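Colleague: One structure follows; several queries about it will come next.
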Amino acid sequence: MALADSARGLPNGGGGGGGSGSSSSSAEPPLFPDIVELNVGGQVYVTRRCTVVSVPDSLLWRMFTQQQPQELARDSKGRFFLDRDGFFFRYILDYLRDLQLVLPDYFPERSRLQREAEYFELPELVRRLGAPQQPGPGPPPPHSRRGVHKEGSLGDELLPLGYAEPEPQEGASAGAPSPTLELASRSPSGGAAGPLLTPSQSLDGSRRSGYITIGYRGSYTIGRDAQADAKFRRVARITVCGKTSLAKEVFGDTLNESRDPDRPPERYTSRYYLKFNFLEQAFDKLSESGFHMVACSSTGTCAFASSTDQSEDKIWTSYTEYVFCRE
């Protein structure tokens, strides 16, 4: 009897096989941890498992309820990987928390977010994003330094500063031309105006304001060789500093994020650089996105040389930064 009693308490002992089997199955740990780390297109999100499975029959619900952890793709650090747009996933995750859709004012990429919602199989979110927008009766946005927002106009364009819409005069006929249209059709110099808006002149309300600084380290020629032999500009790498979301918006796939891959969209970084070495190409991309240069600086240094001749091109180096702003 003593042997049987001792055997009943052992994990592999006999006699109590039925009871031990049921207790061991109930004591098994869950397949997924309560805290889940997701790598969505290079952006890292940390949330609870109950949040990602809050919508039944969605893609995330099937991933974390119907599959085994070893069946899901992971990155080098063991986080579950999703090959989707990491910037838009923040709105997907925010919706999963309380099933409410909250978007910032002047959100221009509803169609892209709707496509992400379709991928994650969230039909209610897709329906809300596809519903027509009802403009609010609130006051027009405040004046900006580069222009005045004209509410209710086609495309929500910005009128140049000094061309604000005047108050309607009493007794004016309904068919009379608007003074604002007359002002907008003339340039400040009195000539015929070209296109009213370009990205480098004024910004629509959907664009985020901010600063981006690009810099490069190069070399230049000084001395007698500068006249005798032309030396072309040498740019080894163009660095990008600023808010992560702005840098990705401007440079897109030409931005190398390998030095700072897990930076959230609203954080700042100084470790990005471009995949090309042409300054003018970077300037074009910034101009197309509505940025304009507000400052620049450059420094030149001469490395130590054993000889007194400092006219060699490799001795002299420079570092230059350009600061761009969008309002």
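Including glycine, each Cβ sits where the backbone N, Cα and C put it.
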Colleague: From SER173, SER185, SER189, SER209, pick the one Swiss-Prot annotates as phosphoserine?
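Modeller: Record says SER173.
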Colleague: For the candidates SER24, SER202, SER311, I need the one that Swiss-Prot annotates as phosphoserine.
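Modeller: Per Swiss-Prot, the residue annotated as phosphoserine is SER202.
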Colleague: Looking at SER153, SER200, SER206, which is the one Swiss-Prot tags with phosphoserine?
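Modeller: Looking at Swiss-Prot, the phosphoserine feature maps to SER153.
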Colleague: Same chain only, sequence gap of 6 or more: which residues have a CB within under 8 Å of the CB of TYR119 (phosphotyrosine)?
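Modeller: For TYR119 (phosphotyrosine), the qualifying residues are LEU59, ARG84.
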